[in-house]
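**Q** Questions regarding the structure given below will be posed in turn.
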Amino acid sequence: MRAAVVDVRGLRVELDDRPVLHGVDLRVVEGEVVTLLGANGSGKSTLVRSAVGLVPPSAGEIQLFGIPLKAFHHWWRVGYVPQRTTAAAGVPATVREVVAAGRLARRKLFRPAGTADRDAVDNAIELVGLTDQANRSVAGLSGGQQQRVLIARAAASEPDLLVLDEPNAGVDRRSQEAFARALRTFVASGRTVLLVLHEMGPLAPLVDRGVVLDSGRVVHDGPLPTPSMTLTGPPDHHDDHREDYGAGLFG
Amino acid sequence: MSFLDYDFMQRALIAAVLTGLAAPAVGTYLVQRRLALMGDGLGHVALTGVAVGLLTGWAPVWTSVAVAVLGALAIDVVRAQGRASADVALAMLFYGGIAGGVLITGLAGSTAATLNTYLFGSITTVSADDLWVVAVLAVVVIALAVGLAPQLFAVCQDEEFARVSGLPVRLYSMLIAIMAAVTVTVAMRTVGLLLVSALMVVPVATAQQLTRSFRTTFALALALGMVPSLGGVVFSYYVDVAPGASIVVASLLGFVLAWPVGTVLRRRRNAKARGGEDPRVTGAHVPTGQHPHQHDPDCGHPTVEHGDHTDYLHDGHLHAAHGRHYDEH
């Protein structure tokens, strides 16, 4: 049996004294791609935010890579993509500068970035297809490109687990596909993904298991129905004959 | 140059250089965090610290550091709680700082003229002892702002991401607040407590008209803080005005000059960036369900002849019908 990467048991969370999660169990094992689905306010975002330690639980247990959250210090193993509409802040910053922030989990204080750090940042930018934009200001990019910057930032620490909170919200088609491609590369190397989605979109074929939340409770946990591919009739799916773009970036 | 012959002017100019560098160094992080007005509030709070110094006879530079740091930590705690009432709580802290300062100064028997030298700076009042304190504090602030740049950048860019990276975000957040409080005291003798915030914010706003990276914004803001500080102090030597006023007006003039240049630069950059991504080489495609139609010469998708068949340009990539599926080319 594969080891649990995320193990949440009996999780209860209250936000502003209002109960949001009522005893949720969630287990994600190595190499799995799990999607949290549910309506607005169902608690899916709170669940992943608790899992990475941003929201304190009022009861229950959370473990990452088999270590209780309080004792967990290997944060470079977790790549987190928060729910954001922009990657920009109050001062201009280039794509490379923002992505490099994702490498800090592996860097020491008062030491300049080494070759391995710079290569990881370059690879992460290449993974999301923004190499040509690396020295542009993030504020000048489209919403979808900014979302890709956030994904590259999470990938820069070369994590074993990616946690993404609605990475496709308000993102253009091309960026969604670039993202799906990056995720496929990531998963192909046996790593784990936990993501919150509003709708599946182009990611559907990658997802192993869906967990559906409703009003803070798990109402479905299992494979999601996928449209079957028929053998006759007009073309309805795609085979990829090109070079496997981006393969091996996660080595 | 005659003004350099005076000891007080030499001290004032050294203080101006240090203030002009330290204020934008901290200010860049405050602006990045969208806390541009924090320096303003700290200046108000520090006034109470100065008044305590006047009342007790201790050096105002130390009492104001102590009170401003306490104020900074209070602001940071209130901010981190994230309550809706935080806004009002901070406003009250600022009013209390100013009112308390004026009240205690009155009790100490000092005049409004004394208070004014702290509010808007005064080039004749930088003592040698003050200068040592100011120099040490300013150098520490600048060293931290440069040495911890990667960590402070991450915390100010996206606090939640920084936390999940394992950075001690609360600690860095408090460090920035303390650096800002110390800078207020450093700046008190040159630009003054009421205008110190301008020297933290305006050079950064001017710099970002011309830059697109954090690194160049930071460096340019330091230069744009130092030049008006020196100019303002020299101007105050010839014309009898408070240096705080001339420094800030000079700094704002810089912004007014940079703004139209920035507008032209941005327009040019955007024009260059347009079409930066070739629609045919996005390098990213994933099966996306049913096609609403079978590609044919009349379907409207641009066609590309490709050897023995025709490809259709489709959402940034090429489709070729092949039996039951489309091949990507």
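Even glycines carry a Cβ here, placed using N, Cα and C.
When I checked TrEMBL for this same protein, it listed these features:
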- B:12-31: transmembrane segment (TRANSMEM)
- B:51-78: transmembrane segment (TRANSMEM)
- B:90-111: transmembrane segment (TRANSMEM)
- B:131-155: transmembrane segment (TRANSMEM)
- B:167-187: transmembrane segment (TRANSMEM)
- B:218-239: transmembrane segment (TRANSMEM)
- B:245-265: transmembrane segment (TRANSMEM)
- B:269-315: region 'Disordered' (REGION)
- B:293-315: compositional bias 'Basic and acidic residues' (COMPBIAS)
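How buried are these features, and what lies next to them?
**A** Beyond the ends of the transmembrane segment (B:90-111), by six or more residues, the same chain brings 40-41, 44-52, 54-55, 71, 74-75, 78-79 to within a C-beta distance below 8 angstroms of the stretch.
Residues 16, 120-121, 190-191, 195, 198-199, 202-203, 205-210, 224-225, 227-229, 231-233, 235-236, 239 of the same chain, all 6+ positions outside the transmembrane segment (B:245-265), place their C-beta atoms under 8 angstroms from a C-beta of that stretch.
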**Q** Sequence-remote contacts (6 or more beyond its ends) of the transmembrane segment (B:12-31), Cβ cut-off under 8 Å?
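**A** Tertiary neighbours of the transmembrane segment (B:12-31) are 4, 38-39, 123-124, 126, 130-131, 134-135, 137-139, 141-142, 145-146, 152-153, 156, 176, 179-180, 183, 186-187, 189-191, 196, 199-201, 203-205, 207, 214, 217-218, 221-222, 224-230, 232-234, 243, 247.
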